[in-house]
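Annotated features, as they stand in TrEMBL:
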TRANSMEM  A:6-29  transmembrane segment
TRANSMEM  A:64-81  transmembrane segment
TRANSMEM  A:93-113  transmembrane segment
TRANSMEM  A:120-139  transmembrane segment
TRANSMEM  A:151-173  transmembrane segment
TRANSMEM  A:194-219  transmembrane segment
TRANSMEM  A:239-268  transmembrane segment
TRANSMEM  A:280-302  transmembrane segment
TRANSMEM  A:308-326  transmembrane segment
Amino acid sequence: MRFKISLPAFILWLSPIAMVFTILASILYGAKNIDSTTVWDAVFHFDPGNVNHQIVMHSRMPRAVGALLIGAFLAISGAVMQGMTRNYLASPSIMGVSDGSVFTITLCTIFAPNASSLDMIMYSLIGSALGAGIAFGLASLLPNGMSPVRMAIIGTIIGTFLSSVSAAMASYFQISQNISFWYHARLHQMDPGMLKLTVPFAVVGIAMALLVSKSITILSLGEEVSMSLGLRTVLVKAMAVASVVILTGISVALAGNIGFVGLIVPHITRFLVGVDYRRIIPCAGVLGAIFLALSDILSRFLNYPFETPIGVVTSLVGVPFFLYLIRKKGGREDA
Amino acid sequence: MPKASTGRFWAVLLASMGATLVAIYVSLTNGVFDLTVTDVIKTLLGIDPEPAHELIIFDFRLPRIVIAALVGFGLGVAGAVIQGITRNGLADPGILGINAGAGVAIVVFMFFFEEKIAGSGWMSALAMPLFGWIGGLATAALIYLFSWRNGGLDPQRLILVGIAAGSGLGALSLYLSLKMNPQDFEMATIWLTGSIWNANWKYIVSILPLLVVLVPVILSKSSVLDLFQLGEETAKGLGVSTEKEKNVLLLCSIGIVSACVSVSGNIGFVGLMAPHIAKRLVGIRHSRVLPVCGTLGMLLVIVSDFVAKNVFSPVELSVGIVISIIGVPYFVYLLFVTKA
C-alpha cells in the first residue's frame with residue numbers, strides 16, 4: 001500500500017517533466033517539422049523575419065500551452081462534477097454545459113458580431129452557467145434525477161436542445177460556417193491574447209475547485225453522511241458548480257466543444273490515486289493537460305497533412321474507455 | 001390512467017389520421033409556389049395535366065411527404081417497441097445510438113462506394129438503405145455485446161452503451177466526412193442532421209419492403225409487449241420466452257429505424273414522443289398503442305418537415321432540428337408529469 005499512497009505525489013512530481021516533453025513534442029511535430037535548434041533560437045533569439053520562428057512563437061507555442069490548460073480545466077470540472085453528484089457519468093460535455101456555451105456564442109456571433117475576446121469569454125461563461133443550470137436544475141427537481149442514467153439522459157437531451165437551437169439560428173442567419181468553427185474545436189487557431197485573458201478566470205476556477213475538494217470527498221460519501229458531518233452542502237455545491245461553470249466556459253471560449261476529457265480523465269485519476277478528492281482534483285488537472293496535449297499531437301497525424309478536429313480524437317479514444325467502464329461498473333455503481 | 005375503451009381508440013386513430021391528411025393537404029398546396037385545391041386534385045387525377053404542376057407535385061412535394069409519413073410511422077412504432085422492451089420511458093432509437101450507427105455506414109457508403117455504382121440507377125438508390133441497415137445492425141450487435149449481463153439484456157446498460165456508441169459513431173462520421181470532397185461533405189452534413197431534402201420515389205420503394213415486412217411482425221407481438229410491462233420475471237412465469245421475443249422485437253425495430261435513417265438522416269425524438277402521447281390517449285395496450293404511435297409519428301414528421309421547409313424560407317432548416325426543438329420541451333414536460 002505504500003506505493004499507492006505515494007502515487008499522487010509521484011504523478012505531481014513527474015508531471016512538470018512530462019509537460020515539458022509534451023510541449024516540446026507539440027512544438028516540434030506538425031505539418032511542418034521544426035528542429036530543436038530552431039525552437040531554441042525562436043524562444044531566446046526571436047527573429048521576426050524568420051518564418052519558422054514565427055510559427056513557433058505565434059502558432060505552435062500558444063497551441064501547446066492552450067491544449068495543456070484546456071485539458072486541465074476540463075478534467076478538473078469533470079472531477080468536481082463526478083464527485084459532487086456521485087454520478088460517474090457526469091462531465092461537462094454530457095451534462096449540456098458545453099452546449100450551453102456554444103449556444104450563447106452563437107447568439108453573440110449573430111447579434112454582437114464585433115464582440116471583443118473578453119466579451120466572448122463572458123458570453124461563454126453565461127452559456128455554461130445556463131446549460132449547467134438547466135440540466136442540474138431539472139435533475140434535482142425530479143425524483144431520482146441524480147441517478148447516473150437519468151441524469152445522463154437529461155443532460156444529453158438538454159444538450160441536444162441547446163445545440164439544435166444554435167444550429168437552427170446559425171443556418172437561418174447563414175453563419176453556419178462561423179459556428180462550426182466553434183463547435184469543432186480548433187486548438188490550431190489558439191489566440192494568444194485570449195489565452196492570457198482567461199488566466200484570471202482559470203485561477204479563480206481552479207482555486208475554488210481546490211478549496212472545495214475536501215468537502216467534495218465528504219459529499220461523495222452521500223448526502224446524509226455529509227449532513228451529519230455538519231457540511232454546509234448548499235454552499236459547497238454552489239461553489240463546486242461555479243468552478244465547473246467557469247472552467248468549462250473558458251475552455252469552450254478558447255477551443256470549442258471538446259468531449260470526453262472531462263469524463264474519462266477523472267476516472268483514470270481515481271483509479272490511480274484513490275477516492276480522496278484532495279488528490280483527485282489536482283492530479284486530474286495534470287493528467288487532463290497531458291492527455292489533451294497528446295491527443296492534439298495525434299490529431300495532426302490522423303489525416304496527415306490535414307488536421308482532424310480534436311473532439312473527434314478525444315471521442316475515438318474516449319468511447320472505448322467509456323464502454324469499458326460500463327462493462328466493468330455495470331452501469332449502476334456510483335463513482 | 002385514461003380509460004381505455006375501444007371507441008376511444010378508434011376516435012383517436014381516426015382523428016390523428018384526419019390531422020395527418022390535413023397536414024398532407026397543407027403541405028401539398030403551400031410552398032414557395034402556391035397551388036390551389038383544384039390544381040392539386042386535377043394533377044393527382046391526371047385531368048388535363050399541366051407539366052409545371054406535375055413537376056411540383058410528383059417530383060418535389062409528394063415524394064417528400066410520403067417519405068416523411070413513412071419515416072414518422074416507422075420511428076413511432078420502433079420507439080414504442082424499444083420503450084416497451086427496456087421498460088424505460090426515456091428510451092428512444094436515437095438515444096440508443098442506432099441512428100448514429102446507420103449514419104456511419106451511410107457516410108462510408110457515400111465515401112467509398114457511391115461513385116462506383118452511381119451509373120446504375122436503381123442499384124444506388126437501394127444500396128444506401130441497405131448500408132444503413134447493415135450499420136444499424138452492426139451497432140445493435142455492439143450494443144448487445146456490451147449490455148449483455150448474466151445471460152440477459154440489461155435495459156439500464158443498454159441505454160448507457162447506446163449513449164456512448166452514439167457519440168463515438170458520431171465522431172467517426174464527422175472524421176470520415178471531413179475526408180470527403182466539399183460537395184459530398186455538404187451532402188453528408190445535410191443528411192446527418194436529418195433532412196428529407198432529396199426525397200425521390202426510389203427511396204420510397206427502397207424502404208417500403210422493410211416496413212411492410214417488419215411492422216406486421218411487431219403488431220403480431222403486441223400482446224408480448226404488454227406482458228413485458230409486468231416485468232421480465234412475470235412475463236417468464238407466464239410462459240413467454242423473453243430473450244427470444246426481445247431479440248425478435250429489437251431486430252425488427254432496428255431494421256425499421258435503419259431504413260428510416262437511410263433516407264432521412266438522423267431524426268430523433270419521434271420515437272420518444274409518439275409512444276408517450278399515444279399511451280396517454282389510448283391506454284397501455286400495445287395493440288392499440290402501436291397503430292396510434294405510427295399515425296402520430298407520421299403527423300409529427302410531416303408537420304415538422306413543413307415547418308423546416310417553409311417557416312424560415314428561403315432558408316431551409318433540417319427536419320431533425322425542428323423536431324428536437326419541439327421534442328425537448330415536451331420531454332421536459334414528460335419528466336415532470338411522470339413525477340406525479
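Each Cβ is built from the backbone N, Cα and C atoms, and glycine gets one as well.
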Point to revise | Per Cβ pairs under 8 Å, the stretch of A:64-81, A:93-113, A:239-268, A:280-302, A:308-326 packing most closely against the transmembrane segment (A:194-219) | key: A:239-268
Check your understanding: Other than its close neighbours in sequence, what residues sit by the transmembrane segment (A:151-173), given a CB gap under 8 Å and a spacing of at least six beyond its ends?
Key -> 85, 87, 89-90, 93-96, 98-100, 102-103, 106-107, 110, 130-131, 134-135, 138-139, 142, 145, 179-180, 183
Practice item. Using Cβ atoms only, state whether the transmembrane segment (A:239-268) and the transmembrane segment (A:6-29) have three or more pairs under 8 Å that are 6 or more apart in sequence. Key: no
Exercise for review: Could you give the residue numbers and ranges of same-chain residues that sit at least 6 residues beyond the transmembrane segment (A:93-113) on either side and whose C-beta is under 8 angstroms from one of its C-beta atoms?
Suggested key: 77, 81, 119-120, 123-132, 134-136, 151-152, 155-156, 158-160, 162-163, 165-166, 169-170, 173, 175, 178-179, 182-183, 244-245, 248-249, 251-253, 256-260, 262-263
Review point. Other than its close neighbours in sequence, what residues sit by the transmembrane segment (A:6-29), given a CB gap under 8 Å and a spacing of at least six beyond its ends?
Key: 35-36, 39, 56, 60-61, 63-65, 67-68, 272-274, 279, 282-283, 286-287, 289-290, 293-294, 296-297, 300-301
Check your understanding: List, by number or range, the same-chain residues at least 6 past the transmembrane segment (A:280-302) whose CB is under 8 A from its CB atoms?
Key -> 8, 11-12, 15, 18-19, 22-23, 25-26, 29-31, 63-64, 67-76, 78-80, 83, 187, 206, 209-210, 213, 216, 258, 261-262, 265-266, 268-270, 272-274, 308-310, 312-314, 317
